[in-house]
Every structure is written in C-alpha cells, then in structure tokens.
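Note sheet for the following structure.
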Amino acid sequence: MAAVRSGLVDIFVQGQWHRVLATLDPTAITLQTMEQNEAEAEKRTVRVVKYDGNGLGISIKGGRDNNMPIVISKIFKGMAADQAGELFLDDVIISVNGENLLDASHEEAVRALKRAGRVVDLQVQYRREDMMHRENIVENVEWDDDIRERVRTIGLKLAYVARAGIDADAEGRILEMRSPSGRYSLAMRCSSSEEADGWFEALHACTTCLLTQALAQVNIMLGNNPQVRHMGWIAEQVSENGISMWKPKFMTLTNSEILFYEAVPQLKAEWAEPRLVRPLVATRVVQTSSRTAPVIKGLTDVISFRMRTGTQQGVRTHTIRVETHAELARWVRAVVIGGYEACLSTSQVSAPCLWRGESCELIVNLDNGISLLSSTGEVLWQHSFETIRATGDDGGRFLWVDFGPPHGEQELDLLNSAKPVVFILHSFLATKVYRLGLYA
C-alpha cells in the first residue's frame with residue numbers, strides 16, 4: 001500500500017522521547033527505529049536559547065582525558081535545553097557554535113559551553129551504545145492489539161488523533177493518538193509546528209476515511225437496532241477538582257439519541273450501555289466556533305460546539321471540541337438534522353400536568369399544535385403553533401404559554417422539570433420550518 005507520508009519523529013515511550021522513522025499509509029502508521037548506520041551518521045544542529053540569565057540546563061561527561069566523547073549526561077527539566085526539545089541523554093556533542101569538541105578534554109568542553117553566549121548552536125550525534133538500546137524501543141509501544149515487534153504497525157480505524165493542548169505543547173509540535181479502547185495512547189513530536197500540521201492533517205484524513213467502513217460494520221453488528229447515523233471521537237469539556245479540562249469521549253448519534261461512551265464499544269452488549277444518553281428531540285446546538293474569528297493560540301483556536309438538553313434535572317450543557325472545521329460542520333449538521341428527523345419520527349409527546357388545580361395531560365403534536373386533555377379525555381383547549389405568542393418557565397415545574405387574545409396566557413404545573421417540554425416544543429417549531437424547506 002502506498003505511503004501517505006513518511007519521516008523522522010519522536011515518540012514518548014517509557015518516560016523519554018525517542019527518534020523513530022514513521023510511515024503512514026491509509027490504514028495504519030508504522031514505527032521503526034532507524035538503521036544503525038543511518039542513525040550514527042545523522043548529525044544534527046540544535047539551537048538552544050538561554051533566558052533570564054539561566055544556563056543551558058545540561059550536564060556533560062567524558063572528554064579526551066577519559067577516552068570518551070563529550071556526552072550529555074543530564075537534561076534539567078524546564079531549562080533551555082529541555083525546552084528546545086531536540087536533545088537527548090547520551091547525545092554526543094560534536095561542536096559548540098562551530099568549535100570542535102571531538103578531541104576536547106572535559107574541562108575544555110565545560111569552558112566552551114560556558115562562553116557560548118545566549119544563543120548556542122550544538123552539533124550533536126546519537127551515540128553507538130544508545131542506538132543499540134534504541135533498536136528495540138518500538139517493541140515497547142502499547143496498543144490494543146498487544147503485538148510487540150521490531151517494526152510496530154498501529155491500525156488507525158477508530159483511533160483518536162488530536163493536537164496536544166497548549167499547556168503540554170506551547171510550540172505546537174506534539175500530536176496525540178489514543179487506541180479505540182481508550183487504554184493506550186501515544187504522543188508523537190515533530191521537528192516543527194509546520195511538520196506537525198502536515199502529520200496531523202494526514203493522520204486525521206486517514207482516520208476520517210476509515211470511519212465510513214467502521215460505521216457500516218457497527219450497523220451490521222447491531223442489526224440497525226438502533227441505527228447509528230454518525231459517530232467519532234470528540235473531547236468534552238469537564239471540570240475535575242475545580243479545574244476545567246478536555247476529556248476524550250466517543251460520541252454516537254442514532255435515529256433518536258446522542259450516546260456518550262468512555263471509549264469505542266467493542267461488543268454488542270457494550271453498545272447497549274452508554275455512559276450518558278441525550279434525546280435528540282430535546283437537544284439543540286446553541287453555539288459553534290467561527291471560521292472568521294481571530295485565532296489566538298490556546299484561547300480562540302479551539303474548534304468547538306455547545307449542545308443543551310432539557311432534562312428532568314434541568315438544562316444540561318455539553319461543550320464539545322473537535323479537531324477541524326470540517327469535522328465541526330459534520331457534527332453540527334448531524335445533530336441539527338438528526339433532531340429534526342427525530343421530531344418527524346416522534347411527532348407527538350405528552351406529559352401529565354396540573355391546570356387550574358385539575359389533573360390533566362398536555363399534548364404537543366407536530367401537526368396539530370398544543371392541546372390539553374382532562375382526566376376523562378375531554379379536550380379542554382387546543383391551539384396551533386402559529387397562535388403561540390411567547391413561552392416561558394420558572395426553571396422548575398411551571399410552564400407558561402401565551403396564545404394571545406382571547407385565550408391569553410395559560411399556566412401549567414408539569415409536576416417535574418418543565419425543561420423537556422420547553423425544549424421539545426421549540427424543537428417541533430424548528431422542525432416545522434425545516435419541513436417547509438427553509439433550513440439552509
């Protein structure tokens with residue numbers, strides 16, 4: 001299968017970054033350590049910029065007096081060398097700002113590093129002993145298939161691909177992949193933000209294409225009961241211990257519901273046990289990111305939409321982050337159109353209530369409007385949607401509907417939260433407009 005993209009990247013395994021060769025094809029990404037002769041021959045120049053009077057943030061060992069090359073023995077977290085992100089333990093330092101250190105003593109190397117100035121260009125090279133260790137690193141990459149081989153192939157179907165958050169990746173060079181089960185993840189670091197953009201776009205495009213096949217397989221397994229109309233990984237904004245964060249979720253849309261899972265369900269029984277269910281008829285999209293808004297990294301570059309659902313516990317809000325504007329458009333359209341079609345399929349809902357102290361039943365019908373039945377089934381009143389002037393609720397049990405003169409405002413005690421009826425009423429009104437072909 002033809003490669004979509006190939007190149008050197010760093011992967012985070014066992015607490016350290018390791019350089020590997022990554023090759024992407026339409027269904028999988030393959031990771032392998034570089035051939036020893038290639039890796040040993042690869043010399044690279046890393047620019048480190050010191051700040052606020054701090055040093056490079058490395059310790060070295062070796063030198064002519066020890067019959068060793070000058071080797072990085074420690075990289076101090078948070079300091080300049082660590083922030084550069086391209087230096088590794090046991091890298092051999094060949095030169096500092098053009099000054100050759102291949103034959104330097106330890107003391108000469110220390111002096112060269114100290115007088116290097118604020119901007120330091122280090123030419124470095126992987127060490128032979130380090131490469132012997134690196135050859136097996138991809139065998140330690142964990143994924144759902146639990147296959148450990150010298151060349152690691154990771155399937156992309158139903159994998160989650162996302163950009164790392166601003167807190168973890170100020171330079172925009174890190175991508176994150178999560179396995180379908182949600183148990184394993186892999187961080188991949190590129191040489192620049194532009195390189196990361198290219199890798200992300202290629203990976204995301206592959207996973208998106210594979211969703212079509214996965215969706216068909218899911219519906220075959222479920223026997224279209226329910227029929228899954230749309231599905232995929234998203235990140236939901238949650239609060240844990242007072243801290244707001246984005247948590248990966250697997251979200252699906254059926255003919256009537258939005259289902260949230262912690263990961264991709266593997267068995268039919270798992271599909272029947274979502275973490276959370278929201279009815280489409282009582283859900284609406286209330287806010288989306290704008291393509292034209294100015295982009296401020298870490299603030300307005302998050303692509304998201306917000307849904308609100310009327311429930312017996314009141315209004316529940318879900319803020320959903322996706323990775324591309326195309327993905328945003330697909331999700332928003334799926335939720336909005338799915339809501340209309342769910343209303344068309346449902347066509348009528350009813351709820352027990354009190355009206356003027358009497359037990360009644362409120363009927364909301366897509367074609368006939370709103371009606372109220374007595375406990376004996378007598379129609380107490382009935383009004384079309386067109387006669388509604390205004391609606392309101394107290395955030396609790398009470399709903400007000402103003403039909404204008406001569407009938408005026410009617411107050412209903414819905415015994416539980418009025419929000420489901422309020423949301424469904426508005427969904428029915430929007431569906432009538434959609435049915436007229438006025439939805440763009």
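Even glycines carry a Cβ here, placed using N, Cα and C.
Copied over from Swiss-Prot, here are the features:
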DOMAIN    2-208  domain 'PH 1'
DOMAIN    45-128  domain 'PDZ'
DOMAIN    227-340  domain 'PH 2'
DOMAIN    384-440  domain 'SU'
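Confidence annotation: the domain 'PDZ' (45-128) carries a mean pLDDT of 89 in the model. Helix, strand and coil counts from DSSP across the domain 'SU' (384-440) read 20 helix, 14 strand, 23 coil. Summarised by DSSP class, the composition of the domain 'PDZ' (45-128) is 18 helix, 33 strand, 33 coil.
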